[in-house]
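Colleague: Take a look at the following structure, please.
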């Protein structure tokens, strides 16, 4: 049977991240099995020149052991160091950025947790620095480091090594990530992106004090929203620039709505004002409803277009302040915030609650 290196590593990372109540006997057994898989996995190197699984899974295994503060045999670490030194993480057609990033995170963890001696720690630090430099060189004009899915891994390296605030590549990667959140639709890809969006890396779970954490697997019921009585009137404007539309302003009407209504509620009311032919469509994403079409005009990824949500004269509803708790900030914390340094997200239509007399603008824009 093939080793379960990567799957078991992710499981152990998940247990630590959720502050799962420890069953010391069972957890020790899992750690022992992971160490066994690392040895069994590497046995394939004698025949194939690489682990039976991959350097990616092998790096995950070392990372998971380190996050659980378990020592790793130096021979295991040297295997990854040699693979990194000889450029064995690559594949036909390009460099495997995600593999290099996972291994760099494992190296950084071993150094920070002081699970290796000073001489080996220096080698790991140098290898991580070289890997980080290659990531900067690999960044494309679209801001991605490798591709959209390897970009969060690379960003975690910048976070873990405290270089995110001084490295312009990190800011460009964050902008690209925020513009393409819809690509992260599976649990696995979300798990890679979410820490980065909060300015964190997987290494942060190694230093969590679980006795101070809430049970993260228990759903938290939000406080019921206080009922707001009365009505408001919102001016709704739809704009489409040339050359997409010969007519710049497609819609401009006053829309009555209940007090406390969301922007999504306002749009729904507008569709009932039959004489003005307002229409819109949304699609569900992990970040909430995404405004995909207004009055028959669709936001298209290939045309780099999206429906920007603004309050007059030109303030984005989705601009927000960087979350301050992570070492590198994070995603906008609230659609009500107004920070000119943030990047517009594709969610927020269900969250924003306009005030009476406010002018809301839906503008087809390029990113």
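Each Cβ is built from the backbone N, Cα and C atoms, and glycine gets one as well.
The following feature annotations were taken from TrEMBL:
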type	residues	note
BINDING	53, 54, 55, 56, 57, 98, 147, 192, 307, 308, 309, 317	cyanocob(III)alamin binding site
DISULFID	66-109	disulfide bond
Colleague: Using a 10 Å cut-off, grab the number of neighbouring Cβ atoms around the Cβ of residue 307 (cyanocob(III)alamin binding site), all chains included.
Modeller: 22
Colleague: Any idea what the Cα distance is from residue 55 (cyanocob(III)alamin binding site) over to residue 66 (disulfide bond), rounded to a whole Å?
Modeller: 16
Colleague: Have a look around residue 147 (cyanocob(III)alamin binding site) and count the other CB atoms within 10 A of its CB, chains all included.
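Modeller: So the Cβ neighbour count for residue 147 (cyanocob(III)alamin binding site) comes to 13.
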Colleague: So among 53, 57, 147, 309, all listed as binding-site residues, which is physically nearest to residue 109 (disulfide bond)? Use the C-alpha atoms.
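Modeller: Ranked by Cα distance from residue 109 (disulfide bond), first place goes to 57.
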Colleague: Under 8 Å between C-beta atoms and at least six apart in sequence, can you list the same-chain neighbours of residue 66 (disulfide bond), or say none if there are none?
Modeller: 72, 106, 109, 110, 113, 115, 206
